[in-house]
Every structure is written in C-alpha cells, then in structure tokens.
Amino acid sequence: MAYNYPPKKLSVYLSDDAGSVLTFYGLWEASHFAKCWLPFCKRYNVEPRSPAAYFSKSCDLRDARDSTEWASMKNLYEEMADRIDSMVMLGKIPEELRVNKGFSEWSSGMTSRNHPPIVQILIDGRDQGSIDKDGNALPTLVYMAREKRPQHHHHFKAGALNALIRASSEISNSPVILNMDCDMYSNNSESIRQASCFFLDEEKGHDIGFVQYPQVFDNISKNDLYGNSLNVISQIGLKYDCAVEDVITGLLIHCRGWKSVFINPPRKAFLGVAPTTLAESLVQYKRWSEGHFQIFLSKYCPLILGRGKIKLGLQMGYCIFCFWAPNSLPTLYYLVIPSLCLLKGISLFPEITSPWFVPFAFVTIGKHVYGLVESLRCGSTMAGWWNSQRMWILRGTTSFLYGVIATMLKLLGFSKMGFTITAKVSDGDASKRYEKEVMEFGSSSSMFVIIASIAMLNLFCLMRGLQRLVVDGGFMGLEPLFIQILLCGLIVAIHLPIYEALFIRKDKGSLPLSVTFLSLGFAMLASMLTIV
Ligand SMILES: O=c1ccn([C@@H]2O[C@H](COP(=O)(O)OP(=O)(O)O[C@H]3O[C@H](CO)[C@@H](O)[C@H](O)[C@H]3O)[C@@H](O)[C@H]2O)c(=O)[nH]1
Ligand SMILES: [Mn+2]
C-alpha cells in the first residue's frame with residue numbers, strides 16, 4: 001500500500017487460502033494502521049516500507065522532532081503487532097469485534113479446507129471517504145478467501161491466483177498484476193514504477209509478457225548454508241496441475257511469443273524468508289524437482305512445446321531444472337558404487353598414468369573450477385561454494401530421488417499431486433544456530449537416513465582404502481584405486497557436518513539417535529554384502 005504510486009491506480013489484494021478469521025483480523029488492523037503509516041512513509045521517505053522490516057533495523061531519523069514521531073510510530077506498530085499476536089495465541093477473536101463489518105462472515109465449523117468464499121473490501125479507493133490522516137487518498141485493500149470444499153481440487157497457489165484474478169477483474173480490473181508470496185516483503189517503494197517502465201516502453205513494451213525480480217532472501221547466513229540464492233523464476237502463476245505453476249506459466253507465455261524481462265536492481269525489490277532447516281529445504285527442492293520432471297514428461301516439455309517457438313538456449317535452460325530429479329540416479333551411483341568397489345578392491349577408473357585419465361580429470365576439474373570462479377564472482381565465499389556443493393549432493397540423494405519416485409507414482413496413477421507449504425517461521429534457538437551456520441536438521445525425516453547411511457558407508461570404505469594403502473605397501477601399489485580413494489575422501493570431507501551431527505553434537509537441531517543406529521546398520525550391511 002505504501003508503494004510510491006498513485007493510490008487511485010493501486011489495489012491491494014490479500015489471498016488467504018486458509019480462510020482464517022485471524023488473518024482477516026490482521027488485515028483489518030493493518031487497514032487502520034495504514035492511515036498513519038502511509039503519511040509517515042511519504043513524509044520521511046522511509047525504506048523499506050514494510051513496518052516490520054523497517055523497525056527491526058535501526059532508526060535513521062536524526063533530528064529530535066522526527067525522533068519523537070518515529071518513536072510514537074514504532075509504538076503504534078508494536079501495539080498493533082501485540083494485539084495481533086495475542087489474538088493468535090488465543091486462537092480466536094473476541095465477540096465484541098464481530099460488530100465490525102466483515103467479521104460476521106465467519107461461523108463455527110469453517111476450516112482451512114472447507115469454507116465458503118469470503119471477499120471483503122476493507123478500504124474502497126472509489127469511496128471519497130477513504131483517506132489517510134493527512135487527507136490523502138488510500139489504495140483499495142481487499143481480503144479474499146476463495147471457496148474451498150474437500151470434494152473439489154483447489155489447485156494450490158495457481159488456483160488461488162486464478163480466483164484472485166477473477167475477483168479483482170470485478171473490483172479493479174487492472175491491466176498489470178504484481179504477485180508477491182506471503183513470505184516476501186517489499187524492500188523498495190519504487191519497484192512498481194520500475195517494472196511499469198518495461199510495459200510502457202514505446203518500442204518494446206508491447207512484447208513484454210512479464211517482468212521478474214530475482215528471489216532474494218533476507219535471512220541468508222553469510223555463506224548461504226542451504227545454497228538458497230538460486231533465482232526461482234517469475235511470479236506469474238496460473239497453470240494448474242503442476243507444483244511449479246510459475247515455471248510452466250512462464251514457459252507458456254514465452255512460447256506464445258511474449259518476451260520477459262529479468263531485472264536485478266542494486267536495491268532489492270523483494271526480500272523473503274528462506275527455509276532455515278535442512279528438512280524444509282529438502283522438501284522444497286523435492287517439490288521443485290518433481291514439478292520440473294513432471295513438466296519434462298508432459299506435453300509441456302520445453303523441447304517439444306518450445307520447438308521453433310523459443311530459442312534452443314532457452315529450451316536447454318528450462319531443461320537443466322527438468323533433469324534435477326533424474327540426476328539423483330547418477331549422483332547416487334557415484335556416491336555408492338566406486339566406494340563399494342574400493343572396499344572390494346575393484347578398480348573402476350583409468351590409472352593416473354593412463355591417457356584415459358585426462359578426459360576424466362578435464363571434465364571434473366573444469367566443471368568445479370568454473371563453478372567456483374562463477375560463484376566467487378557473484379559475491380559468494382569459498383566456504384559458501386563448499387556448502388553449496390554439499391547441498392547439491394544432499395539434494396541429489398534425497399529431494400531429487402524422492403522427486404523421481406513421486407513422479408513415477410503419479411504417472412502410474414498411485415498418487416496425486418501435493419504442495420507441501422514451506423514453513424514460514426523458526427524458533428529462537430534454531431535461529432541462533434542458523435546464524436552460526438550450524439546445520440539445523442529439523443523435523444525427523446526418512447531423508448536423513450539416506451544421507452547418514454551414505455556418509456557412514458563412505459567412512460567405512462575410506463578406512464578400508466587407507467588400510468590397504470598401509471598394508472599393501474605404498475602409494476604406487478594402489479594406483480588403480482587412486483581415483484576411488486580420492487573420491488571417497490572427498491565424499492567423507494563434504495559429509496563432515498553429518499558425522500558431527502551423528503556423533504558429536506547434542507543440541508536439538510542435530511540428528512536423532514535412531515538415524516545414527518539405522519545408518520550404521522545399513523552401512524555395515526552394505527559393506528558386509530560387498531565383501532562376501
Ligand atoms: O495451497 C496453496 C499453497 C501455496 N499457496 C501460496 O503459494 C505461495 C508459495 O508457497 P510457499 O510455501 O512459500 O512455497 P515456496 O517453495 O517458498 O515457493 C516457491 O516455489 C513455488 C513453486 O513451487 C513458487 O510459486 C513460489 O513463487 C516460490 O517462492 C505462498 O504465498 C503461499 O501462500 C497458496 O496460496 N495455496
Ligand atoms: Mn516461499
């Protein structure tokens with residue numbers, strides 16, 4: 001609402017897919033708060049204009065007169081936040097609030113999966129009386145919960161967005177839509193004007209289908225422990241039946257001949273909350289890899305749909321993501337088979353002195369050096385790069401594998417699509433560990449057993465490899481196994497935080513004892529079977 005944009009031309013919609021009266025209450029409070037907050041923002045050119053983000057950073061108003069106003073504004077905000085928090089704690093709204101317009105829409109028996117449609121215009125911009133405390137016009141503010149019934153598929157985010165577009169066409173019918181997820185906030189009050197420039201461009205504006213900003217996270221630890229700064233694409237979501245509705249919609253828009261713009265201004269437009277536990281991050285990647293693989297196997301396959309419509313480079317660009325899920329199979333192979341063969345003394349790779357060693361070395365070293373240089377140039381650190389390598393391996397053996405399995409089950413008709421929503425908050429202790437970059441495993445998951453078993457297995461194999469080195473006498477005798485020892489050593493090195501969580505750490509964010517026992521069991525079984 002506080003964007004630097006004519007309020008008459010701006011309408012804000014909040015889609016509450018759970019249809020909760022508490023969310024409505026929050027928005028109702030915000031509609032009152034806006035009457036003071038908007039003038040304050042304009043007077044002092046406040047940035048960012050999300051009050052939560054603004055007040056969590058230090059004060060930048062200097063003179064004394066301003067600072068009293070600043071303090072009273074902060075007070076007003078905190079009082080509102082407290083009221084909302086206590087209502088959430090209570091789990092319901094007090095009866096006396098029900099006299100206000102809108103609240104009577106809720107009745108007992110309504111749940112997040114079973115509720116009638118609710119549309120409430122909290123501030124109507126068309127109404128002359130909708131003004132802030134300085135007498136300036138306010139933008140329209142609408143709450144909407146689309147109808148949901150257990151017997152009808154609701155199509156997740158894409159369904160919610162489509163319902164929103166239909167409703168908004170009756171209320172404001174704007175030619176341009178800005179979509180922002182509930183776990184993001186605006187960090188730049190100029191973004192709407194910035195993006196409009198592309199649509200309004202006299203020469204190229206007619207071809208522009210959408211403008212996208214990169215997905216940037218506010219809570220990324222310095223070395224990006226979960227490898228999250230990946231730029232997920234656009235915010236236009238419409239196409240059903242796919243967990244990555246934004247990607248498929250973007251692809252369709254491109255295939256219909258529209259161009260898109262990617263802008264990454266120095267002052268970030270939007271900041272969001274990234275998952276802060278390994279479990280959440282892995283689940284999110286499972287959904288993404290599954291969605292992309294599904295696209296590849298459907299009629300929307302970028303290579304088929306895009307043929308002759310979009311450039312080969314763009315088709316391939318889409319495909320990289322489509323191959324995330326199937327990539328789990330070679331990843332698993334490289335993490336397990338060479339190490340098991342090392343255990344048994346079978347050589348799989350050419351010797352270092354053989355000419356066949358050169359292509360192996362070239363591809364492996366080339367790929368990783370290129371990746372390292374690229375990420376350093378994008379402002380990452382060495383440790384950040386190493387962490388992201390670890391994340392790719394962990395995702396490969398869990399998220400992507402689960403993505404393949406889920407896609408197959410769906411193709412065979414055994415299961416339906418799901419959308420596991422990413423958690424939006426984390427508890428205090430966990431955030432402290434996150435800041436210190438200690439891996440937070442989060443809620444127990446079968447994925448951890450896979451990760452830990454691979455880690456344990458490689459530790460066994462490495463010990464056996466090193467033992468051979470000593471017993472079988474010297475380095476040269478082991479030359480045929482050299483690459484496998486090296487690979488196994490690297491796998492162990494990248495899994496160091498896993499061993500730490502299995503055996504050393506005692507905090508709540510670490511791995512449970514059951515995972516330690518299960519993984520030890522599986523790793524021993526695998527090595528035993530190999531030796532026999
Ligand atoms: O049934 C649903 C599920 C999700 N959402 C909304 O969809 C958005 C994204 O959900 P979130 O749980 O935050 O998932 P993420 O993995 O963080 O989302 C990423 O991945 C999605 C595709 O999987 C993209 O649509 C998002 O833009 C991108 O940020 C949020 O605003 C949700 O409120 C709904 O409205 N209804
Ligand atoms: Mn999200």
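Glycine is treated like the rest: Cβ placed from N, Cα and C.
All annotation found in TrEMBL is predicted automatically rather than curated by experts.
Feature list (source: TrEMBL):
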- Asp17: UDP-alpha-D-glucose binding site (BINDING)
- Lys157, Asp181: Mn(2+) binding site (BINDING)
- 316-336: transmembrane segment (TRANSMEM)
- 400-421: transmembrane segment (TRANSMEM)
- 441-460: transmembrane segment (TRANSMEM)
- 481-499: transmembrane segment (TRANSMEM)
- 511-531: transmembrane segment (TRANSMEM)
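When other Cβ atoms within 10 Å of the Cβ of Asp17 (UDP-alpha-D-glucose binding site) are tallied across all protein chains shown, the result is 20. The 10 Å shell around the Cβ of Asp181 (Mn(2+) binding site) contains 16 further Cβ atoms across the protein chains shown. Neighbour density for Lys157 (Mn(2+) binding site): within 10 A of its CB lie 21 other CB atoms from the protein chains shown. Lys157 (Mn(2+) binding site) sits 8 Å from Asp17 (UDP-alpha-D-glucose binding site), taking the CA atoms of both as reference points. Cα-Cα distance from Asp17 (UDP-alpha-D-glucose binding site) to Asp181 (Mn(2+) binding site): 12 Å (rounded to the nearest whole number).
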